[in-house]
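Engineer: Pulled these from TrEMBL:
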- 172-353: domain 'Malic enzyme N-terminal' (DOMAIN)
- Tyr195: active site, proton donor (ACT_SITE)
- Arg248, Asn503, Asn547: (S)-malate binding site (BINDING)
- Lys266: active site, proton acceptor (ACT_SITE)
- Glu338, Asp339, Asp362: divalent metal cation binding site (BINDING)
- 363-579: domain 'Malic enzyme NAD-binding' (DOMAIN)
Amino acid sequence: MISLNRSSFLNKSSTSFSGISSFSHSQRKASATIIVGLSSNGHTNGRVEKKIGVVMESTFKEMNNGAASVLDMDGKTAVHGGVEDVYGEDHATEDQCVTPWTISVASGYSLLRDPHHNKGLAFTVKERDAHYLRGLLPPTVVSQDLQVKKMMHNLRQYQVPLQRYVAMMDLQERNERLFYKLLVDNVEELLPVVYTPTVGEACQKYGSIFRRPQGLYISLREKGKILEVLKNWPEKRIQVIVVTDGERILGLGDLGCQGMGIPVGKLSLYTALGGLRPSSCLPITIDVGTNNEQLLNDEFYIGLRQRRATGQEYKELLQEFMSAVKQNYGEKVLVQFEDFANHNAFELLARYRTSHLVFNDDIQGTASVVLAGVVAALKLVGGTLAEHTFLFLGAGEAGTGIAELIALEMSKQTKAPLQEIRKKMWLVDSKGLIVSSRKESLQEFKKAWAHEHEPVKTLLDAVKAIKPTVLIGTSGVGQTFTKEVVEAMASFNEKPVIFALSNPTSQSECTAEEAYTWSKGRAIYASGSPFDPVEYEGKVFVPGQSNNAYIFPGFGLGLIMSGAIRVHDDMLLAACKYF
């Protein structure tokens, strides 16, 4: 199903605009006039809209010799009770005179500036006639494959990753189909460009590289008007929203409004890896200010220049946002929370998981992909989940989310109470090992992981005391898995499992080379951002990557296709098994 959706989107390059090539000149011009008039007059009254609709329908039927067109299709048709065939693509053929695109695409000069439908030099001679493009393009016709080849050649000339990122964003704003064709065909090479680690640097410098908005910005100034803001977005049938408030972008901290790079990057993967149409995806940044002094003093910063709103003001804005989303897009729109700080992330998920289709990628997505990685590692290490002991560096969204999902799977396998299973999980935060004697001072989401043990201050001491078989880093602090820590893990494990998951690469707890070298080639290693293969004593070790990108596009697509209205833990566990 994924391949079908993706190919149907990408293959529009050869059929999208051929539909009206057989029209007479006067018919084409008439249809173009109707189209432009309708799209440029979004606030016409119902009578005028209805009249235009009738004229369009009769005109298209006449052009199609009375045959049924997409205008006759039942708008409520759905596939497996989930995604509606909004565009009529499941019924469109190359022989069909009118395609869904031809009734909404302007002609000529404006078409070349519409990134959703522009094909650049890939427009055929026939299409250039049909859409009044003669003279607006050089005479040569270049296939999409050749365009991909040229773009990859150009991208590889850049030595700086951020330059590649900017070039990719420019392409997305100019020729959306070519962007996704390029990404799909070269996903391994380009994933680190549009996503981690490069997207982290892009967010840090977003104010300097900002060209045009790629999503919605909802700030405190829009309080009381959020529904109106959502209606300003041109696409009305949204299936997935990725939203951030920019307070905890990767391991880089508070980047405020410039965190928009994360929702944009995530949603590009929903299309490239999950097959969702770009038009059904909406990136949103909620700007409540920033506590980052460097950004507040940066003349190029694009967000509100004020300290972060908190407490009741913050809650009311988020409540208005979530209500407006449901009102505007319906019960089945998926809202993916991304890079919220711990104190808001857990509260938002708890508050809205029973009333909305919501999913926190940092808590639930990370947990799913790591559990899948651990299960895969056990094929090399041996034993069941319940036979292993886990130690986490980092007790925030990712750390506690991973621990909880692993505990749920253990409980399901062993039929033991969840509270008892949690004792196999140990967490270390900035103050040391989380133990019972610290319970009164702990944040609520950490209390379930406070076990009976004497206080331990450092990670190295915790490793020596707990003797874990699996060490997982979600601290957001680089170089914390020191040589002593890795050597200690290797001293009592034949094959220590070490996951250094913090992003971007600079924040990774240890590099792949360090893990393999310090463990003398015995570590089972995975990271959040990619590392190159490592050669050690004549052997080449290929590090694994345990990144959310491997789970959320497919998981989100499953939610949308199934018509789900809530996310349950069993769905996450099921996703891990088919990872």
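Think of each number as a place in line: the chain as shown, counted from 1.
Glycine too: its Cβ is placed from the backbone N, Cα and C atoms.
Note that the coordinates shown come from a computational prediction; the quantities given were computed from them, not determined experimentally.
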Engineer: Identify which of the recorded positions Lys266, Asn503 has its Cβ surrounded by the largest number of other Cβ atoms within 10 Å, counting every protein chain shown.
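Structural biologist: Counting Cβ neighbours within 10 Å, the top one is Lys266.
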Engineer: Let me check the 10 A CB neighbour count of Arg248 ((S)-malate binding site). How many other CB atoms are there?
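Structural biologist: Around Arg248 ((S)-malate binding site), other Cβ atoms within 10 Å: 24.
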Engineer: Just checking: which of Tyr195, Asp339, Asp362, Asn503, Asn547 have a Cα that is within 10 Å of the Cα of Lys266 (active site, proton acceptor), counting only these recorded positions?
Structural biologist: Tyr195
Engineer: Roughly how many angstrom lie between the C-alpha atoms of Asn547 ((S)-malate binding site) and the residue listed as 'active site, proton donor'?
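Structural biologist: Here the two Cα atoms are 10 Å apart.
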Engineer: Between Asp362 (divalent metal cation binding site) and Asn503 ((S)-malate binding site), what C-alpha distance do you get in Å?
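Structural biologist: Counting only the Cα atoms, the answer is 12 Å.
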Engineer: Average the pLDDT scores across the domain 'Malic enzyme N-terminal' (172-353) and report the rounded value.
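Structural biologist: A mean pLDDT of 94 is what the predicted model shows over the domain 'Malic enzyme N-terminal' (172-353).
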Engineer: Give me the count of other Cβ atoms within 10 A of the Cβ belonging to Tyr195 (active site, proton donor).
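Structural biologist: There are 25 of them.
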Engineer: Going by C-alpha positions, which of the recorded positions (Tyr195, Arg248, Asn503) is nearest Asp339 (divalent metal cation binding site)?
Structural biologist: Arg248
Engineer: Using a 10 Å cut-off, grab the number of neighbouring Cβ atoms around the Cβ of Asp362 (divalent metal cation binding site), all chains included.
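Structural biologist: Its Cβ has 24 other Cβ atoms within 10 Å.
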Engineer: Tell me the Cβ neighbour count for Asp339 (divalent metal cation binding site), meaning other Cβ atoms within 10 Å of its Cβ, over all protein chains shown.
Structural biologist: 26
Engineer: For Glu338 (divalent metal cation binding site), which of the listed recorded positions (Tyr195, Arg248, Asn503) have their CA atom within 10 A of its CA?
Structural biologist: Arg248
Engineer: Neighbours of the divalent metal cation site Glu338, Asp339, Asp362: Cβ within 8 Å of the Cβ centroid, same chain, sequence order.
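Structural biologist: For the divalent metal cation site the neighbour list reads Thr244, Arg248, Ile249, Ile262, Phe337, Phe340, Ala345, Asn360, Asp361, Glu397.
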Engineer: Round to a whole number and give the Cα-to-Cα distance in Å for the pair Tyr195 (active site, proton donor) and Asn503 ((S)-malate binding site).
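Structural biologist: Between the Cα atoms of Tyr195 (active site, proton donor) and Asn503 ((S)-malate binding site), the distance comes to 11 Å.
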Engineer: Output the one of Glu338, Asn547 that, of all these binding-site residues, has the highest number of other Cβ atoms within 10 Å of its Cβ.
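Structural biologist: Answer returned by the neighbour count: Glu338.
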